[in-house]
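A.B. asks: The following feature annotations were taken from TrEMBL:
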DOMAIN    37-182  domain 'Alpha/beta hydrolase fold-3'
DOMAIN    239-298  domain 'Alpha/beta hydrolase fold-3'
């Protein structure tokens with residue numbers, strides 16, 4: 001949708017550090033500086049746009065009386081990874097530095113995203129966790145985020161393997177498309193053949209079905225052992241970068257993350273990514289609010 005007229009909002013298309021954004025400002029004057037909400041849309045880094053999130057951004061601005069910034073990051077495959085995360089980071093830093101120009105308190109800015117937008121949210125918050133030259137992000141909102149590419153056989157992957165829209169197979173296909181990789185590697189990645197045993201051992205403390213509450217592990221069957229394929233690993237090394245898989249970040253980063261709201265859905269292959277990140281944040285004394293939609297899907 002194009003930017004539409006709204007009697008309660010002033011809507012304007014701008015550029016923050018060369019990144020297209022659409023900003024939604026409540027028209028009613030405020031006695032104090034408002035809160036700010038930065039929104040990264042979902043779509044696997046391939047689909048979606050500022051226009052497709054027009055209604056939700058208007059809704060957030062009106063209901064929360066906040067200034068909302070919707071970020072139009074560049075999409076893959078025309079713009080190679082990590083252009084998407086870098087655009088989100090640049091727009092966020094710009095807004096943190098210029099918030100007062102829009103009547104926003106720079107200490108009351110949250111970052112929000114769904115699906116891949118949740119990945120970018122987690123990544124941006126990690127990259128800014130130890131910055132001292134700008135205001136800290138007040139909170140992050142992760143709506144059914146994608147957070148790791150090590151294990152595609154967690155309980156939620158198995159349970160929702162053939163779910164409509166985002167199946168177990170489709171998520172790996174989208175990842176390979178996003179990274180401009182050969183989709184013939186899909187089966188190897190689904191089986192876990194892209195991960196060397198040393199890496200599996202290293203990250204087992206964070207990515208492990210045993211860390212997920214028993215109620216979410218009903219009918220779970222541990223996958224059969226698989227052979228490591230060095231060539232596939234070499235071709236897909238981006239999957240192990242914390243920018244791509246924020247669940248792999250070290251505790252020294254995670255412990256400095258802002259207050260977090262995580263929303264998970266029962267009928268979603270990505271459910272367990274959110275559950276595992278929730279545990280990691282709580283283990284590092286980060287305040288977490290968790291909402292689980294039992295009838296929800298991706």
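A Cβ is built for glycine as well, from the same backbone N, Cα and C atoms used for every other residue.
Mind mapping these onto the model and telling me what they sit next to?
C.D. replies: Averaged across the domain 'Alpha/beta hydrolase fold-3' (37-182), pLDDT in this predicted model comes to 97.
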A.B. asks: For the domain 'Alpha/beta hydrolase fold-3' (37-182), how many residues does DSSP put in helix, in strand and in coil?
C.D. replies: 63 helix, 25 strand, 58 coil
